[in-house]
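Enquirer: Features from Swiss-Prot:
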COMPBIAS  217-259  compositional bias 'Polar residues'
DISULFID  C46-C110  disulfide bond
DISULFID  C61-C68  disulfide bond
DOMAIN    25-126  domain 'Ig-like V-type'
CARBOHYD  N261  N-linked glycosylation site
REGION    202-259  region 'Disordered'
SIGNAL    1-24  signal peptide
TOPO_DOM  25-270  topological domain 'Extracellular'
TOPO_DOM  292-329  topological domain 'Cytoplasmic'
TRANSMEM  271-291  transmembrane segment
Amino acid sequence: MEPWPLTFLLLLLLLLWLQGCVSGHSNENLYRKVWRREGETLSVQCSYKNRRNLVEAKSWCKVKKKKCDHNFTRSWVRGPSYSLRDDAKVKVVRITMEALRVQDSGRYWCMRNTAGHFYPLVGFQLEVYPALTTERNVPHTHLTNTPMDGFVTTGQVHISDPHAPFTSDVTMFTSEVTMFTSGLLTLASGTTTPTPVTGYSFIDTSGTVTEPERNTESQPATLSPSNARSFSADPVTTSTMSRHQSSSLSTTGTCHPLTPNRSQETYIPAMVVVLTFLPAPVVLVVAYGFWKKRHMGRYNLGSNYAKPWIHLPEGPETPWKPAWSKITQ
């Protein structure tokens, strides 16, 4: 067996495999993706403007086990499972499904009925997510035991530690012993992240700077009279500072930027290019094989071409007689 038929078969199998991959992705593109949450209503439209002015019934079905069920039921809904309205003037079908649940997730088809045969118009892929049961309530911050004669000072605190990649802008409400603080952490890259300071006190220690976790409860920060300092509008330098809480997170690490996720569909154009240009060399190889076999042919010396030459035994030469000798005789 010559090598070029084997190559042709391998390329043919490769083409079939690539065609299967492309057809699989094309089936996904047939459906329009729709996302809803439980309790919401689905309302979609199917257009049939390219159809002639024929009276055709419309239907809405759900794909189950590679079949489209036109009589699917939704037991938790009172009345019909869906409503379908056909506007013949604008040639648009409107389908509505109320009280969605996670069980409604799946693939649906809007079809037309022509003489008992169903033909698809538009496909939809519905994804229903669970409803949000709890909502996050942010409590309001209340200042307790704040005298009326309190004053507000703002300033910028520079941390002397060279490894700390941020500075802290502090806004402080002070009145004798009780005060309230709130600040912003400014990263070295220029990004500001709000970090409310609640539920702990400032203590002078000789450690590193740690950032505590956020506390959902709003409590006023207290400072003992012995450690209370008056902040002026000008920046002041503090040697070391730590924030103590039940669980804390060190901020002396290095920030690594997240790399964006690449799209998973970038290989589709490459596959289309391969399918476009791959058949050309295959056809050229096959055509060259047939042309070579037809025009150049094969040369065979026969079955006796390998036998040695046979030399006949040489006998004594007969004497030469001229032709006129026969006449004289």
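Here the Cβ of each residue, glycine as well, is placed from N, Cα and C on the backbone.
Help me picture these features in the structure, burial and contacts included.
Expert: DSSP assigns C110 (disulfide bond) to a strand segment in the three-state reduction. Long-range neighbours of C110 (disulfide bond) (same chain, six or more residues apart, CB within less than 8 Å of its CB): V44, C46, K58, S59, W60, V93, I95, P120, L121, V122, G123, F124.
Secondary structure from DSSP puts C68 (disulfide bond) in a beta strand. Around C68 (disulfide bond), the same-chain residues at least 6 positions away in sequence with a Cβ under 8 Å from its Cβ are C61, K62, W109, M111, F118.
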Enquirer: Tell me, how many other CB atoms lie within 10 A of the CB of C46 (disulfide bond), whichever protein chain they belong to?
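Expert: Around C46 (disulfide bond), other Cβ atoms within 10 Å: 22.
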Enquirer: Looking only at DSSP and grouping its letters into three states, which state does C61 (disulfide bond) belong to?
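Expert: Looking at the DSSP assignment, C61 (disulfide bond) belongs to a strand.
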